[in-house]
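**Student:** Okay, these came from Swiss-Prot:
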- CYS60, CYS62, CYS75, CYS78: Zn(2+) 1 binding site (BINDING)
- ASP449, ASP451, ASP453: Mg(2+) binding site (BINDING)
- CYS818, CYS892, CYS899, CYS902: Zn(2+) 2 binding site (BINDING)
Amino acid sequence: MIDVNNFEYMKIGLASPDKIRSWSYGEVKKPETINYRTLKPEKDGLFCERIFGPQKDWECHCGKYKRVRYKGVVCDRCGVEVTRAKVRRERMGHIELAAPVSHIWYFKGIPSRMGLVLDMSPRALEEVIYFASYVVTESGDTPLDKKQLLSEKEYRAYRDRYGSTFHAAMGAEAIKKLLQDIDLDKEVDFLKEELKTAQGQRRTRAIKRLEVLEAFRNSGNHPSWMILEVLPVIPPELRPMVQLDGGRFATSDLNDLYRRVINRNNRLKRLLDLGAPSIIVQNEKRMLQEAVDALIDNGRRGRPVTGPGNRPLKSLSHMLKGKQGRFRQNLLGKRVDYSGRSVIVVGPNLKMYQCGLPKEMALELFKPFVMKELVGKGLAHNIKSAKRKIERVHPEVWDVLESVIKEHPVLLNRAPTLHRLGIQAFEPTLVEGRAIRLHPLVCTAYNADFDGDQMAVHVPLSSEAQAEARILMLAAQNILNPKDGKPVVTPSQDMVLGNYYLTLEREGAIGEGMVFKDANEAILAYQNGYVHLHTRVAVAASSVNNVTFTEEQKSKLLLTTVGKLIFNEILPESFPYINEPTNSNLEKETPAEYFVEKGANIKEIIASREEVAPFSKKILGNIIAEVFKRFQITETSRMLDRMKNLGFKYSTKAGITVGVSDILVLGEKDEILHEAQAKVDNVIKQFRRGLITEEERYDRVISIWSNAKDVIQGKLMKSLNKRNPIFMMSDSGARGNASNFTQLAGMRGLMANPSGRIIELPIKSSFREGLTVLEYFISTHGARKGLADTALKTADSGYLTRRLVDVAQDVIVRQDDCGTDRGLLIGAIKEGNEVIESLYDRLVGRFARKTVKHPETGEVLVVENQLITEDIAHIVEKSGVETVNIRSAFTCNTRHGVCKKCYGRNLATGTDVEVGEAVGIIAAQSIGEPGTQLTMRTFHTGGVAGDDITQGLPRIQEIFEARNPKGQAVISEIDGVIAAINDVKDRQEVVVQGEVEARTYAIPYGARLKVTLGQPISHGKELTEGSIDPKELLKVTDITAVQEYLLREVQKVYRMQGVEIGDKHVEVMVRQMLRKVRVSDAGETDVLPGTLLDIHQFTDANAKVLLKGKQPATARPVLLGITKASLETDSFLSAASFQETTRVLTDAAIKGKRDELLGLKENVIIGKLVPAGTGMNRYRKVDLVKTTQDNMNVENDEVYVEQ
C-alpha cells in the first residue's frame, strides 16, 4: 500500500481496455445480485465473491475454509480467496461489451472532445453513435469523402452503385475506426499551418482542436480509448445492497444501472450468435449504448432512466457532483469521532482559557485516557474491567477523569464557522449539569449568545495535536481579529455598562472633596457609606503605585473618583493611571491638571471643574489594544478577566434598569411636525402648479421629513439627563443607539415599502405614545423585509466565502523574501473629500519598498525593507507625506504563494507572519465573515439613474466575479482634454482631444457627467458617474491600475458599512484573479495561441526560447472572476471538488494532468497533512522534547526543537 504522506503527485488519464482488464479480478457475466433465500451472492453476478472477495473475514463462500490460518488459500470448491472482507471495497470487476460504446463525457461534454478530434459536429456524431446515419470510414475510389454522413437510403444507393469499394458503418464501432485512423502528428502540423492564415471562427475552432490534439499527443492517451470495449465494475461495497426489516432489499441505484447494461449486453451476444437481422442487432446496440450512457451520466442525453416513483437514478457522475457528492461530502468534510455537542450557557467565573465541560460528556470523550489511567493506577486489572468500571460509573472514575483532563485542551466550535476564531482551544473544567460553559468574552469571536445556541467539542488526541491546540489555538492566544488586527475580545453589554458606571463622575456627590492617604482608605470610606463610587476625591499620588508619575507629581494629591481608583487596579503596574478617556492619557501619562499641591482647597478646585466623561466600550477596546501592544498575550488575558469581573460586579451594584418613566416625550415635537407639514404642503402646491417634477417633489418631501426627525433627535439628546438609564446604555456602547431612543421618545420617521422605496408618509408617533393602526401596518413592512433579507444574506455570504476560499486556498507564505524590485504606491483612499481609509491604516504592518524622507527636512523616516510600526506610521502621516511605496502581495514574485516581506505583519498575532501561514484562507475568511453584516438591498431613492448603484454584498460579488457592473461608467481610453460636450438627439457626446487623435464617447441616457469642458483627463478615468468595468480598465491601462481600482472599490463597500478589513487580505484575493495571461502570439515557443496560462508558466516558456535566441511569445493579462479562477487552477482535484465536476475531470483526463498537491484542498482530499503551518516539510522533521520544570515557568514555552 502506498503511504499517503509519501507520494509526490496524482495523475489522471484515459484508461485503455487493457488497463481496465488489468484492474479487474474477473468478468461479471450475470445481472443477478444476491440469492434472496440464502442471502449469499450469486456466482458471476454483481456481488460475486469469487471476483470481489469474501463477504465475511477469512471465510470462503462454501464454508470449506474458515479462520485466519488459511489466509491466501483459494478454495477448490467455490474458487473464493480466503482474505479480509474489506477487499470488497477495493477489488473491481469488468464487463466485456459485445459491441464498442462511446463514453458520454467525451462525446457529449462541451466542447465535444470526440467532435474536436475528428473535426465532426456533435450533431453528426450523435447520428452515427445512435444508429441514425452511416459514416464513411474508407472512401476507396468513390467520390465520397471520409467522415461523410449517409442516410439509410443513400447508403443503399451507393452500395448498389459501387459495391464494396467503400466502407461505411454505424455506431461507436465506426467512430472507433475513425479515431484509430487518426495521425496526431500530421493533424497537429496541419493545424499549426492553418493558424498562420486563419481568421475569425475558423481560427477559434482550429485553436480548440489544436489544444485537444496536443493534449492527446503529450499525454500518451490514445483517442480511440474514448470508445469503451470493456466496462469497469466498481467494488460492491461502494454500491451496497442491504436487507431491510421485512425481507425487502435496499440497493444503490448503480446496481440497477449495471443490471440494465449486463442484460442488454447478454441479449446482444445471443443475437449475434444467432445471426439475427442487422436491424434488430442495431437496435440492441443502440440500447446498450444508452444503458452505458445512463450508467456513466444519467440524464445527460435524453430522458433520465427512472426508478420507482419516477425518481431519476443516481449515476456514477452524480456520485461525484454537488454537496452530497463524493468530493464535498466524504473527502473534504468527514465526520470525526471523539466529539460531542451540547447547549452553551455562560460561565462568568471561568478564566480566559477555560471552558466548562459536562461530566458525562467528558467521561465519554476521554474514555480511552481514563481506561489507561485506571489500569496504570492499579484500580483495574485490564482494559476490559476498566471499561466495565466506567460504564457502571464507579466513584473513583471521577477522580481519574479529573487528573486526565488536566492540561489536556479541547476544541470548541460553533457553526457556522465563518473565520478561524470559530474554533478555539480551551482547558476543560468539569461542571455539573448537561450544558457546556463558555467564557463570556469569547462570545464575540464565535458570534454566540446564550439563547439556546449549541456548540461542538472535539478532543485532540496525539501529543502533537495537543501542543498545537495549546500553543496556537488557546482562546487566550486569540485576542486579535485576523481581519483588522483589532482586539476581538472586547467586553460587551453588562461588562461595558458596569465599567461605565464605575468610572462615572457626579457633581456634588456625597463626601465630595475628601482627601485620602491611599486607595484602600478611599475604598473603606466607600464601603462604609462616607463617599460614593462617583464622588470626586483626592488621594496622595505617592500611594498610587504607578511608574509613570514623576517625582514632583508623587509629592502632590491626585484628583480622581473612588470608581476610577478601583478601575485602575486591574491595569498593569507600568501602565499610565487612566483618569480621562483620551488617547494621550492612555498612551503617554496622566494629564498634569489632575495633580494639585497638598494643602490647596480641594473642594473649591473640584467644584470649579467639569465632570469627566466615563469610559465607554470604545475606550475599553483602546485600553485592551494598548495593553496588548505593550505586554503581549499573557498579561492581556489576565487583565481581560479582571475587567470582566469588575464589569459584572458593578453592573449588578448599579442596578440599572429601564422603565416607561425613563422615556420622556419631547414637548416641542408637535411644533416641529407642524412646521414640516407646512413645508410639505407648500411643496405639493408647487408640484400642482407644475413648477417641479414628480421626482423633485418626492425627493423634497423625503428630505423635509428626514430633517424633522434629525431636529427631534438633536433636541431629545440635549434634553436627556446623563443619568438616564437608556442614555447610559447607549452612550456606554452596551446596547442601543441614539436612533433607537428617538423611535422610543420622538418619532419613528420614514419607512420603506416592500420594494425598498421610501414611503413619503412618515410615522409621526413614537413607541412611547403608541402607533395608530395604519402606522403600525406600515412599520411591519420593514420588520418582515429585514427577516427575509437576513435569511437570504446568510446563504449568499456563505457561498461568497466558499468561492473566496477556493480561489485563494493555495496561497501560503512560502519564503522569507522574494527579492522583487517592484512595489505598490499607496496613499489615503478618498471618495470626494471624505477619507475612507487613511494612509496610517494602510501603512501599519507593511514593509517599505523605498526609503521615505520628510518632505520638508529631508530626514529619513523609514528605510527600504523596514517594517512600518504604528509609531512610524504616525510620524509618516504627520510629516505630510502623501504616498509611500510599500511591498505588496500584488508585486510579490513567489510562486504559489507570497513571501514574508511582501505580506508584512500577521494581523492576528501582531508579529511578523511565519513561513507556512495559510494567508489565502485567512484573507478569504476575513472578507467573507463580515459579508453577513453588509446590506443586501440596492437603495432606491426615487429611481434616479445615477443613484441606483449596487452596494453591500451584491457589489462585493460583482467586484470579485469581475462582472459588468450595474450603472457602468464610460471611461476615456486616451490622455487628453475634454474638448467638447455635445447634445445629440436625447443624449450627450463627450469629445476627448489627445496629442495624436480625438475620441468621441456616446454617453448613455440618464448617466451623469463627471467632467467639465476643458478639464484634463488621463486614460482609464471615468467620464460619467458609476462603477468602472475592470475588464475595460485592463484593456485601457495596466495590471497595477486594475489592482488598485479593485482594492479601492472593495474597501469602499466595507468601510461604508463600518467594517474594517486589512488591505492585504483584498490584495491576496485580487492577485489570484490576475494570475493568468492569454497567449496572443506563440512566437517560437511550444505554447498554443489563445490558451490561458499561469504568468509563471508563460515566463518559463519564454525564458527557454530566449536562451536559444529565438522569438518569445506575447500575451495579454486576463482578469478572471473568482469562480472562473478557481476552475482554471492547475490542480484538477481542487477544481473538481469546487464546481462543474464532470467538465473538470473530462478535461484533466484527456490532458493526462498531474496534480502536484501544492494547495490545501488537494491534500485534504487524498488525506495528506496540509502543506501549511506545521504540516510543511520544514516543520515535519521536528521532535517533541520533554522540558524540565525550570523552564516550564514561562507560560507557553516553545515546544518545538529542531532535530
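All positions are counted from 1 along the displayed chain.
The backbone N, Cα and C atoms fix where each Cβ goes, glycine too.
Burial and contacts for the listed features, if you can.
**Tutor:** The 10 Å shell around the Cβ of CYS62 (Zn(2+) 1 binding site) contains 14 further Cβ atoms across the protein chains shown.
Take the CB of ASP449 (Mg(2+) binding site) and look out to 10 A: across all protein chains shown you find 11 other CB atoms.
Within 10 Å of the C-beta of CYS818 (Zn(2+) 2 binding site) there are 18 other C-beta atoms, taking all protein chains into account.
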**Student:** Report the residues of the chain - excluding CYS60, CYS62, CYS75, CYS78 - with C-beta within 8 Å of the mean position of the site's C-beta atoms, for the recorded Zn(2+) 1 site, in sequence order.
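**Tutor:** Neighbours within 8 Å of the Cβ centroid, excluding CYS60, CYS62, CYS75, CYS78: HIS61, GLY63, LYS64, TYR65, ASP76, ARG77, GLY79, VAL80.
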**Student:** Can you list, in sequence order, the residues of the same chain other than CYS818, CYS892, CYS899, CYS902 whose CB lies within 8 Å of the CB centroid of the Zn(2+) 2 site?
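**Tutor:** The surrounding set, listed in chain order, is GLN815, ASP817, THR820, ARG887, ALA889, THR891, ASN893, THR894, VAL898, LYS900, LYS901, TYR903.
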**Student:** Using the Cβ center of ASP449, ASP451, ASP453 as the Mg(2+) site position, which other residues in that chain lie within 8 Å, going by their Cβ?
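**Tutor:** Residues close to the Mg(2+) site, other than ASP449, ASP451, ASP453: ILE344, ALA448, PHE450, GLY452.
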**Student:** Tell me, how many other CB atoms lie within 10 A of the CB of CYS892 (Zn(2+) 2 binding site), whichever protein chain they belong to?
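**Tutor:** There are 25 such Cβ atoms around CYS892 (Zn(2+) 2 binding site).
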**Student:** Cα-Cα, whole number of Å: CYS892 (Zn(2+) 2 binding site) versus ASP451 (Mg(2+) binding site)?
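**Tutor:** Counting only the Cα atoms, the answer is 47 Å.
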**Student:** Measuring Cα to Cα, how many angstrom lie between CYS62 (Zn(2+) 1 binding site) and ASP453 (Mg(2+) binding site)?
**Tutor:** 55
**Student:** Going by Cα-Cα distance, which of the binding-site residues (CYS60, CYS75, CYS78, ASP449) sits nearest to CYS902 (Zn(2+) 2 binding site)?
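**Tutor:** Going through CYS60, CYS75, CYS78, ASP449 one by one, the Cα closest to that of CYS902 (Zn(2+) 2 binding site) is ASP449.
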**Student:** By a simple count of other Cβ atoms within 10 Å, which of CYS60, CYS75, CYS78, CYS899, CYS902, the binding-site residues in the record, is least packed?
**Tutor:** CYS78
**Student:** Looking at the binding-site residues listed here (CYS60, CYS75, CYS78), whose Cα lies nearest to that of ASP453 (Mg(2+) binding site)?
**Tutor:** CYS60
**Student:** Where ASP449 (Mg(2+) binding site) and CYS899 (Zn(2+) 2 binding site) are concerned, what is their Cα separation in Å, rounded?
**Tutor:** 39
**Student:** Give the three-state DSSP assignment (helix, strand or coil) for ASP449 (Mg(2+) binding site).
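**Tutor:** In the DSSP reduction, ASP449 (Mg(2+) binding site) maps to coil.
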**Student:** If you count other Cβ atoms within 10 Å of each one's Cβ, which of the binding-site residues ASP451, ASP453 has the most?
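**Tutor:** The residue with the most neighbouring Cβ atoms within 10 Å is ASP453.
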